[in-house]
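Written below as C-alpha cells is the structure these notes are about.
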C-alpha cells in the first residue's frame with residue numbers, strides 16, 4: 001500500500017498534508033501520532049470514507065482503489081460501530097452478507113478466534129467495551145483480508161485486553177501473513193508490535209523507519225538514581241567531563257556520554273561521596289524517539305514562524 | 001441489492017418500531033373516540049361514516065404522519081452515522097446510494113402498515129360503537145381509495161426527512177423537522193388556497209375534496225397545484241440526497 005501526496009483540507013485547515021506512506025507486504029506498520037495528528041483521517045481516505053483534497057492511494061497496485069479492491073482489506077476505523085439491537089452473530093452475518101462471504105463456518109471460526117463464541121447470542125448493547133473491540137477486530141478479519149487497517153485497536157481496553165489484542169495481531173501476522181497497519185498513540189503498544197513505523201504530526205508524515213534500524217539509532221544511556229543531584233552533576237561535569245546528560249525526575253539522571261565506561265563513572269561518584277541507589281544501562285525507547293522527533297519538528301516550525 | 005435489502009430487514013430486529021406504529025394508531029383511536037363523544041354530547045348525533053373517516057384522515061395527515069415519517073426515516077438513516085456503522089457500510093463493494101435505496105424500500109412497507117392500521121382501527125372502532133350507521137362495501141372501497149392515495153402522497157415526504165437526517169446525521173434533527181411540519185400543517189389546514197402550494201399540507205387539501213360533506217374541499221381542478229408541489233417535495237430532496245449520500249465525508253460523528 002502506498003499513498004502519494006495524500007492531503008485533506010477542510011477549508012483553510014489542512015488536517016493531512018502531503019502524506020507519503022509506504023507499506024510492504026508482511027509489514028506490521030505502526031502509525032504513530034498524537035490525538036488529532038491526522039491518523040484517522042488518513043485511514044479514512046485510504047478506505048474511501050473521506051475524499052482526499054489531493055493525492056492518491058495505491059492498493060495492491062491499483063490507483064485510487066474501488067470497493068472491489070477494498071474487499072481485500074479489513075478495517076476498523078475509529079470507534080467500532082455496530083447495530084446494538086442485534087446479536088454478535090447477527091452483526092457478523094450482516095457483514096458476511098454485504099462482503100459476499102459465503103462460507104457458512106466463517107462466523108463460528110471467527111467467534112472462536114476472538115473469544116466471543118459464548119457471547120454469540122448477546123446483543124451488542126450488552127457487550128463490554130473490550131468485547132466490542134474484539135468483535136470489531138473479528139469483523140475486520142472474518143474474510144481473511146490481505147491488509148488489515150486498525151485505528152486505535154486497544155482503545156478503552158484494560159491491560160489484559162490490550163495484551164490479548166496484541167497477541168491476536170501478532171498471530172495474524174505470523175500465521176496468516178496479514179499485513180497490518182495499526183494506528184495508535186500508545187507508543188508502548190506499537191513498540192512491542194511494529195516492524196516499521198511512521199510518525200505523523202500536525203498532518204505531516206515526519207518519518208518512516210524500520211524498527212530494526214530505529215533500534216540501532218536509538219542511543220543507549222546510563223540511568224542513575226542518586227540522592228544529591230546537584231553534587232552529582234558537579235562531579236560528572238568537573239571530574240568526568242560529561243556534558244550530555246538529562247535530569248529527568250528529581251534524583252534521576254540520564255547520561256548519554258561515556259556509557260561504555262559505566263563502571264568508572266559509578267566508582268568516581270562513590271569515591272566522591274555520592275550515594276548511587278541504582279545504575280542501569282538502557283536503550284532509548286520508542287517514546288523517547290517519538291518525542292524527540294516531534295520536538296525537533298516543533299522547534300523548526302517555530303523557528304520558521306519567528307523568521308517570518 | 002437483494003443482499004442490502006435482506007440486511008436492512010435484519011437491522012429492524014428488536015427495534016420495536018411496531019410500538020411506534022401501533023402507538024400511533026391507538027393515539028388516533030383515542031382522539032377519534034373523544035371526537036365522537038364530543039359530537040354526541042353537543043349535537044346529539046353519533047356519527048356518520050364520512051365524518052368519522054374525514055376526522056381520522058385529518059388527524060393522521062397533519063398529526064401522525066409528519067412525526068412518524070420523520071422519526072422512522074430519521075432513525076433508519078441517521079443511526080448509521082450516530083452508531084458509527086457508516087464507517088463500515090461505506091467500505092463495502094456496493095455504491096453508497098444502494099444503501100439509501102435499501103432504506104427507502106424498507107420505509108415503504110412500514111408506512112403502508114401505518115396507514116393500513118389507521119384505516120382498519122377507524123373502521124373497527126366505528127363498527128364497535130353501538131348504533132353505528134350502516135357501512136356498505138362501496139363505502140369501504142371509497143375510503144380505501146382515499147387512504148391509498150394518502151399512502152402514495154405520504155411517500156413524497158420521505159426524501160425531505162431523509163435529507164435532514166443526512167445533513168445533520170441525527171434523528172433528533174429529523175424529529176424537530178417533523179414537529180415544524182406538524183405546526184405549519186396545522187396553520188395551513190384551513191386555508192386550502194395556501195395549502196395547495198404548501199407541499200406538506202397538499203395531501204390534506206387534495207384528499208379533503210373526496211369527502212362529500214367537507215366544507216374546506218377545493219375544486220378538483222386545482223388539485224394539479226398540490227400535485228406539483230408534492231412532486232417537487234419528492235424529487236428535489238431525492239436528487240440532493242443521492243448526491244450528498246454519495247459524496248459526503250464520513251468523518252467523526
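Using the three backbone atoms N, Cα and C, a Cβ is placed for every residue, glycine included.
What TrEMBL says about this one:
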TRANSMEM  B:20-39  transmembrane segment
TRANSMEM  B:59-78  transmembrane segment
TRANSMEM  B:98-126  transmembrane segment
TRANSMEM  B:146-168  transmembrane segment
TRANSMEM  B:180-207  transmembrane segment
TRANSMEM  B:227-245  transmembrane segment
Same-chain residues at least 6 beyond the ends of the transmembrane segment (B:180-207) whose Cβ lies under 8 Å from its Cβ atoms: 57-58, 61-63, 66-67, 70, 146, 149-150, 153-154, 156-157, 216-218, 222-223, 225-227, 229-230, 232-233
Top Cβ-contact partner of the transmembrane segment (B:98-126) among B:20-39, B:59-78, B:146-168, B:227-245 (pairs under 8 Å): B:20-39
Distant-in-sequence neighbours of the transmembrane segment (B:227-245), which means Cβ under 8 A and at least six residues beyond its ends: 96-97, 99-100, 153, 155-160, 162-163, 166-167, 196-200, 202-203, 206
